[in-house]
Amino acid sequence: MDRLFDYTSHFNRLLETSTNSTDNSGDNTTATTETTQTEILQTTCQIYVSIYMILFILFIFLRPKFPRLYNIKQSNEKLNTPIAQESYGHLAWIFKTFQFNYDEIASQCGMDAVTTIRLLELGVKLSCVAVVNSIYLMPIYKFTGVGGSEEEGISDPVMEVSLSNLSQGSNSIYATTMAAYIFFGSAMYLIANDFSWFISLRHKFLSQRRVQNYTIYLSGLPKELQSNHAIREYFTHCFSHHDSDIVADVQLAVKIPKLEKKVGKRDKILPKLEHAINLRDVKGKIPEHRKVPNLDNPKLMLCGGEKVESIPEWMEELEELNDEIGREIDRIEELQEQRRGGDDGEDDVVKSLVLDKKVGSSSNEEDDEDVEVGVSKETTPLQNTTRSSVPTSVSGTVNLLSGTITGTANLMSDTVVSGATMGATMVKSIITGSEDGAPRNAAFVSFSSVTYANLARQAVHNKEAWSCVAMEPPLPELVNWRNVGKSNHSRQGGELLSSVLTFLLCITWTVPVGFFASLGNVSRLTEVLPFLAEPVQKYDWFSALLAQLAPLILVAFVTLLPHFLLLFSKLEGLIEVESMQHHSLMSKLASFTIIQTFFISTIASTLFRSLQGIVRNPASAFRIVAEALPAQAAYLIQIIIIQNLLSMGLELLRLTPGVTDLLRRIVAKMLGHNLTEKERNETFLGLRSLDDPLEFYFGRELGQKTVLIQMVMFVYVCMSPITSYFTLFVFTALVIGFRNQFIYIYPIANDSGGKLWISFTKISIVCMIVAELILFAVILLKGALIPAFLLLPLIAASIMFDAYFKKRHFTITKFLPVGECALVDSQNEGDESLKELLKGSYLQPALKERTKGVSTNDNPTSGKSEEIDHALAIGGTGEQSRSSSGEIVDDDIFYQAVDEET
């Protein structure tokens with residue numbers, strides 16, 4: 001107990017006995033008193049498995065009593081799903097959740113939910129294969145090995161059933177080679193089966209009526225394509241010369257920083273105004289606040305100012321912002337119409353892109369006209385705007401009348417030239433970015449046919465490498481608009497910087513991780529911190545406490561890692577909102593975990609410890625390393641038990657969401673933010689309501705925890721077969737727990753559509769090959785040359801397996817086959833609702849709502865409704881509008897808090 005996580009002491013014992021056994025065997029008597037792997041695993045199970053079981057039993061009894069906490073989808077109409085209608089009994093839910101098939105879970109819980117469950121079930125299957133292998137491996141290791149002989153110094157039951165127990169060059173190692181073929185062969189077979197399952201499920205997802213399945217994201221647009229009309233004409237010409245309806249919608253991204261600022265200001269006013277109206281309607285109180293010159297400056301708000309009634313003040317400000325935003329949107333739409341150009345310009349655009357010709361090079365006369373009005377064709381994508389300001393019919397009329405009605409012609413000519421000059425000035429301001437509405441070099445194009453969308457997504461649209469690059473877009477609500485239209489140089493530079501920072505973090509992370517890992521060795525800790533020696537010797541419980549806290553501190557420290565990597569991911573210029581769900585973060589996190597856990601914390605530390613014994617006795621170098629590597633299994637088993645079982649117990653019991661909801665209720669009641677159903681159910685001051693559940697971060701779970709369990713399983717189930725029993729238990733607990741959570745708790749949000757499964761599977765195959773190489777090295781170090789070289793065909797087969805699936809399988813998951821596309825299009829033929837769904841779906845949020853009104857008493861109202869007129873009337877009557885008690889409420893503190901939260 002007092003040496004719970006002192007795994008390094010056992011390694012030191014092995015080193016000392018290996019070097020001194022021939023000279024002084026008496027030293028082994030002292031060494032055998034050190035903590036063994038068996039004791040470490042026993043104590044770990046007694047503590048952490050017991051905690052998990054207690055939490056699980058509490059969950060079983062509390063689940064039926066608190067449905068709002070443990071079945072959110074049933075109690076919340078917005079999140080309600082058919083498979084969550086029935087919660088079932090105390091234990092019946094375990095069996096019932098396995099009755100729902102994958103299609104039901106995918107459609108009602110999301111692709112990421114069903115693929116995560118499938119990956120965990122793959123771990124269960126592979127663990128079962130490893131358990132079967134252990135039936136013959138463990139007896140072979142125990143009875144054909146050196147056993148508990150003092151000469152080898154091994155008297156640990158766990159070590160006796162591991163590869164470390166076999167002597168150098170033992171023939172029993174052939175069993176290890178055979179187990180490797182069975183286990184890794186089963187892994188490749190199961191992964192291949194999962195590929196077939198995933199491709200079918202992925203194609204069902206791609207055939208659904210989702211806007212992203214009918215839309216492409218085009219980046220790196222050339223200037224002649226930087227208008228909605230030009231893009232529409234380009235795709236119409238490419239796919240059909242006569243059917244203009246194939247393109248359902250085009251949304252060219254524009255720069256609108258000023259408009260977005262005004263919309264943000266309006267969004268800050270609305271919650272304050274809604275609460276003020278609720279306060280008046282529900283409690284009959286008239287809220288007041290101090291009016292300051294600039295509401296955007298919190299420092300000025302603290303200086304005080306004239307007190308005014310809140311409702312009329314904010315209503316007036318809301319009306320002004322609605323008018324300004326409406327006028328700005330109208331102006332931007334007018335500019336987009338001007339960029340449309342004339343018919344000649346449309347033909348030139350098509351020729352320039354389809355026939356590889358430049359636009360507008362017909363005559364020098366036209367170039368001179370453009371220069372005369374201040375716009376150059378070579379520098380502006382809006383070359384037809386000026387020409388449209390001077391229509392050809394008007395120019396012809398002026399020339400016709402110039403000989404007979406000179407005065408009238410001069411007047412008309414001056415007017416037209418003046419208007420053209422003004423239009424040119426406006427165009428130049430848009431191009432230079434001084435006004436909102438300047439086009440970005442990216443657009444979202446939605447097609448009325450899923451066939452055309454797939455063809456456009458796979459096609460090469462320009463001979464330049466990074467021009468007109470088409471890709472699958474994220475969901476409209478997940479578009480990261482600040483990165484839309486970023487240049488390729490900026491994105492590539494961001495990706496390079498992100499990779500460099502990740503590499504540097506991986507190196508520097510070793511120092512704190514090594515320090516926290518060393519806390520498990522109490523004797524070494526007292527050497528570094530001498531003041532701990534006395535309490536450790538005096539109190540056994542203190543020594544045990546230090547040893548037990550070590551892995552907890554390490555796991556807690558590692559939880560900070562995703563936040564650092566998320567900051568690095570934001571440098572890459574991703575068009576999807578960066579979150580713990582993103583597959584880019586998952587790949588970084590998984591790679592980081594594998595490198596840190598195995599190549600640094602495990603293998604490198606093992607080699608470093610072995611150097612002492614190698615220096616003393618070079619002849620024993622291979623045997624020392626071969627024994628030390630399998631001995632790391634106990635430490636890694638500890639980590640996966642603490643990291644997964646403890647977190648799963650807390651996940652099921654939902655302590656954090658329950659406590660957060662309770663705090664939100666208390667704070668909301670204190671600040672009066674519980675007047676309506678909407679206020680009672682929404683997140684307030686960062687405190688999330690149970691009716692507004694947080695999404696589940698699949699990327700973080702897979703990249704930080706699941707990949708570690710899988711790597712431990714791949715590396716150690718053949719060298720230390722007892723590992724398979726722990727991975728089987730952990731994977732089973734995760735499958736049961738997450739099936740319940742995905743079905744009853746977590747909503748579909750930020751669903752990657754299965755991309756996380758693709759990234760994780762790529763990493764899994766690499767982990768499998770690395771594990772085979774490690775096993776090959778260990779067997780080679782054990783002096784068993786023939787069993788080691790017999791593994792080479794298995795390693796070669798795994799590498800070919802990886803190469804085979806990379807050729808076509810991953811590509812197939814990206815696109816829907818043409819035959820299935822045609823079937824989907826035939827079902828949608830004549831359905832106008834699809835076009836309505838696509839229309840404006842990828843319009844920038846700031847351009848969507850010209851006016852926005854308050855939503856009071858759970859009923860939304862427009863900006864000029866009776867509710868607003870009533871509020872303005874109240875504001876104008878002053879004293880006459882007060883409540884019967886004459887009370888006026890000063891909500892300065894509350895509104896300041898709302899400002900900070902917004």
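Think of each number as a place in line: the chain as shown, counted from 1.
Backbone N, Cα and C define each Cβ position, glycine as well.
Since the structure is predicted, the reported quantities are computational estimates derived from the model, not experimental observations.
Pulled from TrEMBL, these are the features on record:
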{"type": "TRANSMEM", "residues": "40-62", "note": "transmembrane segment"}
{"type": "TRANSMEM", "residues": "122-141", "note": "transmembrane segment"}
{"type": "TRANSMEM", "residues": "173-192", "note": "transmembrane segment"}
{"type": "DOMAIN", "residues": "214-333", "note": "domain 'CSC1/OSCA1-like cytosolic'"}
{"type": "COILED", "residues": "311-338", "note": "coiled coil"}
{"type": "REGION", "residues": "354-393", "note": "region 'Disordered'"}
{"type": "COMPBIAS", "residues": "377-393", "note": "compositional bias 'Polar residues'"}
{"type": "TRANSMEM", "residues": "496-521", "note": "transmembrane segment"}
{"type": "DOMAIN", "residues": "497-778", "note": "domain 'CSC1/OSCA1-like 7TM region'"}
{"type": "TRANSMEM", "residues": "541-568", "note": "transmembrane segment"}
{"type": "TRANSMEM", "residues": "589-608", "note": "transmembrane segment"}
{"type": "TRANSMEM", "residues": "707-736", "note": "transmembrane segment"}
{"type": "TRANSMEM", "residues": "756-779", "note": "transmembrane segment"}
{"type": "TRANSMEM", "residues": "785-805", "note": "transmembrane segment"}
{"type": "REGION", "residues": "851-891", "note": "region 'Disordered'"}
{"type": "COMPBIAS", "residues": "853-863", "note": "compositional bias 'Polar residues'"}
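Each of 122-141, 707-736, 785-805 was scored by its Cβ pairs under 8 Å to the transmembrane segment (756-779), and the highest score goes to 785-805. Residues 173-174, 176-177, 180-181, 184-185, 188, 192, 195, 765-766, 768-769, 772-773, 775-776, 779 of the same chain lie 6+ residues outside the transmembrane segment (785-805) yet bring a C-beta within less than 8 angstroms of a C-beta in it. Over the domain 'CSC1/OSCA1-like 7TM region' (497-778) the predicted model carries a mean pLDDT of 80. Each residue in the domain 'CSC1/OSCA1-like cytosolic' (214-333) gets a DSSP state, and the totals come to 75 helix, 24 strand, 21 coil.
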